[in-house]
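Participant: For Glu99, the entry in TrEMBL reads active site, nucleophile. TrEMBL lists Glu103 with the feature active site, proton donor. Annotation source TrEMBL lists domain 'GH16' at 2-216. Under the heading N-linked glycosylation site, TrEMBL lists Asn107. What TrEMBL records for 1-25 is signal peptide.
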Amino acid sequence: MAGFQSLSIAFLVCVIVSNHMVVDAMTSKNMALFWGNSQSKIEGDDLQLVLDQSSGSGAKSKRYFIFGSFEAQIKFVPGDSAGLVTAFYLSSEGSHHDEVDFEFLGNATGEPYTIHTNIFVQGVGHREQQFRPWFDPTADFHNYTIHWNPNAVVWYIDGIPIRIFRNYENAPKLKTAFPNKQGMRLYTSLWNAQDWATQGGRVKTNWASAPFTASFRRFRPRACPWNGALSISQCASNSPANWWTSPIHAQLSASQSTKLREIRQKYMIYDYCLDPTRKRSSGVLPPECYRRQF
């Protein structure tokens with residue numbers, strides 16, 4: 001582990017605060033634009049993604065990671081954002097890729113965004129859960145975090161957990177694959193999805209309001225760098241360097257669990273495990289739907 005610790009220190013300048021490894025690095029050190037609109041830019045700790053009729057845009061982390069916490073502060077396109085998708089997600093590569101999604105689906109002026117979450121494991125997704133925001137995501141920056149450790153993936157907004165996907169791959173029955181064997185990059189993008197994003201595609205993008213801009217800052221990958229297959233065991237081991245494996249992160253606290261249930265009761269609008277059409281079509285729900293998630 002000494003070599004791994006040295007690599008981590010060489011890559012990131014860190015301080016330890018309340019059992020968390022906090023990355024002291026600006027967005028420009030962690031992220032790079034990789035496609036799209038020439039108006040998009042990274043300056044210091046700020047990232048702006050721009051979409052017009054010519055192109056959307058996207059940025060990605062300069063490294064792959066396995067396990068840790070990935071966060072950013074985001075302010076979404078205001079006004080008429082129908083047809084637009086702002087995405088903040090982790091993903092590996094290939095047809096059997098892993099992926100953990102936050103996608104924010106725009107809407108007509110005065111109508112709320114939809115918070116769309118999903119997870120793919122070895123190329124298999126269709127695990128969508130959706131929520132309405134309990135705040136205006138266009139008025140100010142809010143913190144969005146994906147926490148990923150060997151036990152679970154947890155989606156947070158402003159420190160409040162909204163969803164959990166637990167690791168049941170070694171369960172005696174109803175096994176469920178879990179993303180723990182591939183390094184993933186952190187991505188963000190702004191793109192046009194008017195065929196499906198808003199009210200099932202009934203409301204199209206209003207190009208008269210273009211260009212559209214989503215603003216990001218403080219991308220913070222507090223995570224284990226991926227250095228090939230050896231990282232699978234190294235980054236999952238119980239050691240002081242791997243803060244995400246500590247007992248405090250093995251499950252939510254009582255207060256976090258209470259907040260999660262409140263958010264889900266008040267603001268969740270779709271859960272694939274509760275979708276009767278899925279059960280009618282296949283006769284059975286995915287195995288994780290029969291397991292406790294929180």
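Each residue, glycine too, has its Cβ placed from N, Cα and C.
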Participant: Have a look around Glu99 (active site, nucleophile) and count the other CB atoms within 10 A of its CB, chains all included.
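Facilitator: So the number of other Cβ atoms within 10 Å of Glu99 (active site, nucleophile) is 18.
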Participant: Measuring Cα to Cα, how many Å separate Glu99 (active site, nucleophile) from Asn107 (N-linked glycosylation site)?
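Facilitator: Their Cα atoms are separated by 25 Å.
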